[in-house]
Amino acid sequence: MGRRSRGRRLQQQQRPEDAEDGAEGGGKRGEAGWEGGYPEIVKENKLFEHYYQELKIVPEGEWGQFMDALREPLPATLRITGYKSHAKEILHCLKNKYFKELEDLEVDGQKVEVPQPLSWYPEELAWHTNLSRKILRKSPHLEKFHQFLVSETESGNISRQEAVSMIPPLLLNVRPHHKILDMCAAPGSKTTQLIEMLHADMNVPFPEGFVIANDVDNKRCYLLVHQAKRLSSPCIMVVNHDASSIPRLQIDVDGRKEILFYDRILCDVPCSGDGTMRKNIDVWKKWTTLNSLQLHGLQLRIATRGAEQLAEGGRMVYSTCSLNPIEDEAVIASLLEKSEGALELADVSNELPGLKWMPGITQWKVMTKDGQWFTDWDAVPHSRHTQIRPTMFPPKDPEKLQAMHLERCLRILPHHQNTGGFFVAVLVKKSSMPWNKRQPKLQGKSAETRESTQLSPADLTEGKPTDPSKLESPSFTGTGDTEIAHATEDLENNGSKKDGVCGPPPSKKMKLFGFKEDPFVFIPEDDPLFPPIEKFYALDPSFPRMNLLTRTTEGKKRQLYMVSKELRNVLLNNSEKMKVINTGIKVWCRNNSGEEFDCAFRLAQEGIYTLYPFINSRIITVSMEDVKILLTQENPFFRKLSSETYSQAKDLAKGSIVLKYEPDSANPDALQCPIVLCGWRGKASIRTFVPKNERLHYLRMMGLEVLGEKKKEGVILTNESAASTGQPDNDVTEGQRAGEPNSPDAEEANSPDVTAGCDPAGVHPPR
C-alpha cells in the first residue's frame, strides 16, 4: 500500500469527534437501549501521564486538576446560528423560557446546571451546560427542552458543537467576500460556522465569497451535505478529495484562466484525538505515541498543500484535537522552515477575549511506543527511521527557532475552562511558497497545459508521482491527484512522449474517479423553461438566471437549483478536476398540474430567502395571527384569515405564492423578525409548504408551545395555545369541505415532487 493510500486510510480512521458523548462501554442494544456486556473503561493510562508530564505542557502544580478534568464528562454545548435574523429571537426564547425552567431542577439527585454563555464567543451565541445527551433523553422534566434542541438543530437554527471546535472559524476572521477552503470538513460543524460568517448580512442573498468543503471519506461527505443544507446557502460546495493532494482549481477572470487561491483556509487535520478523552472514552485504553508518529507526515502534507493554495495576505488556521507537539508545534515548525519566510505565525492573543490558553512550546522530545526518548534526529537509530522523521524535532538553530514565534500557537487545556483539549495555530502568507515563485501566468489552452504539468516540489518530496511514467495503473482513480491525471491527458493530447506509460489508448480519457454523482447542468439562456417562471413571479431584471442549474441532462427537469456567480465560475472551469458531491440550494420544484396555473414550477421553502428579493408578484403580506393559523391548520379557508390577507388572496390566481410577515416595531410583544413562507393559493383556501421542524420553530418564536406527538391532524398544540388559533376539525379536511376532492392543493400535496424538505409538517395531505 502506497503512502498516499495509507494517508487516505488514516484520514478515514482517525475521527475521534464521531464518538457519542458519554459512550463508556459496549454491549447489545435492547428495547431499553444500550445495556452492559463489556466492563466499563478505566480512565487511566500510565504511558499518557508519563509522556505529558515529561513534556511539561501543563503548568506546574496543575497536573492533578488536568487529570481530574479529563475524567469528567464533557459539558454539552450549543451554538445559535448567528447569521439568521431569528438568532436574537431564539436567544430571547432560550434565556427567558427554557433556561428559567431549569433553575432548581434535579435529575437523579444531580442538580442541573443552568446553561451559561461561553465568555469568549461573541454576542452570547454559544452556551454550555452539564446536561448530557443521556440525561436530556430520559428525563421527563427536560422533554420540552430536548424537543426544542432537536427541532431547532434540524432547522439549522442551533448546532450541537464542542466548545473548542468553535475556535478555528472565529480565528479565520471571515468576511462575506472571502473565498474559503475547508480541507477536512466532515462532519461539518465548523463548515456551518464559515457559512454563517459569509451571510453576515442577510439582505445580501449572494455574497461574493464561497466555501468549498472537502473530505476524503465519501460517506462522511453526505453527512457534511446534511449539515450544510440546514443553512440553505447558495455559496457552499462539497467535494470529495484527499486533502494532501486536493487539486489546484482554475477560474475565469476577464476571459483568462487563473489559478484559484483562497483568502481563508481551515486546516483541521485528522489527529490522534487525545484531547477528546472526555467524550471519546476509548482513547484512554488505546492511546500510544505511535498514533501521533503515524499521522505527523499526513498532517504536514495537508498543511503544506493548504499553504500552497492560500492567497498572499490570506490566513490559514491549522488545528487538531490533540495535545501532542508531534502533531502540533512540530508540524507548524516544519511548515515554517520549508516556507523560507513565506509564512508566519499571527499573534491572535487579543482576538478572543475571555479564552484561556497556553502558549505553544519551543522544546519537546519524541518518544516511541515502548517509552524510548529521543531529543534530536541524530540520536535516532537507522532502524527507527521509518517511524521517526527529522521534521518531528524542533529546529536546532536557536535563532531560527526564536524567529518562528511558536509561542503564538494556542493550546487549550481541559481544566482551564471545562472544555476538551485543543491546539490552534494561525498562519499568514506573506509571499509565494519557494517552489511556486516562478509560476507561469495562465493564458489560454497552452498555459493550462504548462500549469497542469508543473507540480510543486511538495508533490515530489512526499512521494507522489509527478509524471505519467510513474503512474501505477491504467485504472488509477485517486481521490485527489487530479493534477497528475490532467497532466497525463495534456501530454497525450499534445502528442508528447509517453514511453512506459501504463495508460488508456490515446483516444480515451483517463478515468479520474471511481464513480460520478449526477451532473450539474446550468440552464442555457434560451431555454424555454424559464420565461413562464419569470413572468409568473415577475422576477426582477437583476435576477441571475445564469446561476440556475439542474441535476439531469435528460427528461423533464423536476428540481431547479441555484448557486452564486462565483461558484458557477468554479464549476464551469473545473468539472473534470473535481469530484463534486453537492452544491446549490433548491429554489423551484415541478408541480405535476403546474401547466394549468401558467407555471409548471412552485417555490421551494429551502431557497425562499435567497429567491424572495427578486420576486415582485404572488406575495401576500400576513399578520402574526395569520401565520399561526397557516402553520397549525392544513388548508385554512380565506375566511379564517384576516380581512387584509383575504383581500390580497382573492385577487391572485391559483398557484404558488409567497407569504411574508413583517415585524411591527410598535408592538414589542409581537415577533420581531421577518418570516417568508412558501404557500399555495387554492380555490378557497391557502396552505403552506414548510418542513415540520421549521414550522415548529416559527410557532415557538410566536409563543406557542408545541408537543412532539404525531397526530392525524398534524402539529399538536397545548390546550392554551390551541385556544388562540383554533384547531382544524378531525373528520374531514378543508379541501373536502370546500368541495375540492381533486383540488390543486391535493394534487400538489400528493405529487412525487413534494420532498421531505418541502412537505408540510408531517400532516396527511387532503385527498
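Just so it is clear, glycine is given a Cβ too, placed from its N, Cα and C backbone atoms.
Values in this document were obtained by computation on a predicted structure and should not be read as measured data.
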Residue in ASP108, ASP242, ASP252, ASP347 which Swiss-Prot records at the S-adenosyl-L-methionine site where CYS184, ALA185, ALA186, PRO187, GLY188, SER189, LYS190, ASP215, ASP268 also bind:
ASP242
Among LYS46, LYS56, LYS257, residue that the record in Swiss-Prot marks as SUMO2 cross-link:
LYS46
Between LYS229, LYS279, LYS660, which does Swiss-Prot record as SUMO2 cross-link?
LYS660
From the candidates LYS441, LYS470, the one which Swiss-Prot records as SUMO2 cross-link:
LYS470
May I ask for the distance between LYS586 (SUMO2 cross-link) and LYS660 (SUMO2 cross-link), taken between their Cα atoms and rounded to an integer number of Å?
19
How would DSSP class LYS654 (SUMO2 cross-link) in three states?
coil
Suppose we draw a 10 Å sphere around the Cβ of LYS660 (SUMO2 cross-link). How many other Cβ atoms does it contain, all chains included?
17
For S-adenosyl-L-methionine, with binders CYS184, ALA185, ALA186, PRO187, GLY188, SER189, LYS190, ASP215, ASP242, ASP268, what's the maximum Cα separation in whole Å?
20
Inside 10 Å of the Cβ of CYS184 (S-adenosyl-L-methionine binding site), count up the other Cβ atoms and send me the figure.
26
Integer Cα-Cα distance in angstrom, LYS640 (SUMO2 cross-link) to ALA186 (S-adenosyl-L-methionine binding site):
46
Spatially, and counting Cα to Cα, which of the recorded positions is closest to CYS184 (S-adenosyl-L-methionine binding site)? Options: SER593, LYS654, LYS660.
LYS660
Under 8 Å Cβ to Cβ from SER139 (phosphoserine), same chain, six or more residues apart: give me those in sequence order, or none if nothing qualifies.
VAL107
